[in-house]
Amino acid sequence: MKIVVAKNIGFCFGVERAIRTVEELLDEGKKVVTDGEIVHNKQVMEQLTKKGLKVSSEMTDGEVFVVRAHGIPKDRLEELKKIFPEVVDLTCPIVSQLFKTAQRYAKERKVIVFGKEDHPEMVALRGYAPAIVTKVPFKFEEKKVVFLSQTTSSLEEYKEFVAAMIRMNEFEEAVFLNTICPVTVNREREVEELSKICDLSIVVGGKHSSNTGKLFRIASKHSKTIWIESPDELPADVVKYGTVCVFSGTSTPNSLIENVVRKLKEMEGKRDGTI
């Protein structure tokens, strides 16, 4: 079995920044709270809660409130500043830029965002601008629109959505902006190419992670693909595949990927009788 690990793996800079900041605050002995997953990865969240991070939607007691990488609605942010002595905004800079862009364009045209309506990033965005969030093309009466995208969406799926919207409607002015994170686009392109040479693609990342799900869908077009959160989820028959490729979402730590590769080698060794 040949194991090929993608070049673009591990945390993106926004996730790394968020986790590092929370760990530093906890190491300082501060009582840190938040209202949801800092990042969409179960193992990372377990590690942070073990260190003392408190997660609750009802939490009002603490020294420091940390805003998740996905952001929160503007009004909610202002409320939190009145409740907590310190609020640390860990919204990914690329996500923050999306919010500002939506807010600016909403003054002159209708904002249509390609994304998951219930995703935390989209919930936060609607706190900055009255946007329509959907992944399904629809008929629309407004003549002036701007198209934006959730930062973790597939670029190709976003383009297909916009093309369908233009075919279905008669817009007088339609602005198309690529607001997808370039880090996720690079991973998307690598998975698109590398999965073509794989007998099995393994995508490692949280099951609630939008960008990990995107990579799973892309790899599935070209090879047998599984999506796992931990090495324990590797199926016994993984050793029957000739070339196995390993990919990861942007919320997946390098240590987890290393553990998956180690487990694959152990499974291969047991099959060959070398372990």
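Every residue, even glycine, has its Cβ placed from backbone N, Cα and C.
The active site, proton donor annotation in Swiss-Prot covers Glu121. In sequence order, His70, Gly71, Val95, Leu98, Gly115, Gln150, Thr151, Thr152 constitute the residues six or more apart from Glu121 (active site, proton donor) in its chain with CB-CB distances below 8 Å.
Cβ-based neighbour count (10 Å, all protein chains) for Cys12 ([4Fe-4S] cluster binding site) stands at 25. In the three-state DSSP scheme, Cys12 ([4Fe-4S] cluster binding site) is classed as coil. Residues or ranges marked as [4Fe-4S] cluster binding site by Swiss-Prot on the basis of sequence analysis: Cys12, Cys92, Cys181.
The feature dimethylallyl diphosphate binding site is assigned by Swiss-Prot to His40, His70, His119, Ser209, Ser210, Asn211, Ser251. His119 (dimethylallyl diphosphate binding site) falls outside any helix or strand according to DSSP and counts as coil. A 10 Å cutoff on Cβ-Cβ distances gives His119 (dimethylallyl diphosphate binding site) a total of 18 other Cβ atoms nearby, all chains included.
Counting only same-chain residues six or more apart in sequence, the Cβ atoms lying under 8 angstroms from the Cβ of His40 (dimethylallyl diphosphate binding site) belong to Gly205, Gly206, His208, Ser209, Ser210, Thr212, Gly249, Ser251. Look at Swiss-Prot and you will find His40, His70, His119, Thr151, Ser209, Ser210, Asn211, Ser251 tagged as (2E)-4-hydroxy-3-methylbut-2-enyl diphosphate binding site, backed by sequence analysis.
Among the features that Swiss-Prot reports, isopentenyl diphosphate binding site is placed at His40, His70, His119, Ser209, Ser210, Asn211, Ser251, with the record citing sequence analysis. For Asn211 (dimethylallyl diphosphate binding site), the Cβ neighbour count at a 10 Å cut-off comes to 27, with all displayed protein chains included.
Taking the centroid of the Cβ atoms of His40, His70, His119, Thr151, Ser209, Ser210, Asn211, Ser251 as the (2E)-4-hydroxy-3-methylbut-2-enyl diphosphate site, the other same-chain residues with Cβ within 8 Å of it are Val39, Pro120, Glu121, Thr152, His208, Thr212, Gly249, Thr250.
Note: the CA-CA distance between Cys181 ([4Fe-4S] cluster binding site) and Asn211 (dimethylallyl diphosphate binding site) rounds to 10 Å. Close to Cys92 ([4Fe-4S] cluster binding site) in the fold, though at least 6 residues off in sequence, lie Cys12, Gly14, Val15, Arg17, Ala18, Ala69, His70, Gly71, Thr151, Cys181, each with a CB less than 8 Å from its CB.
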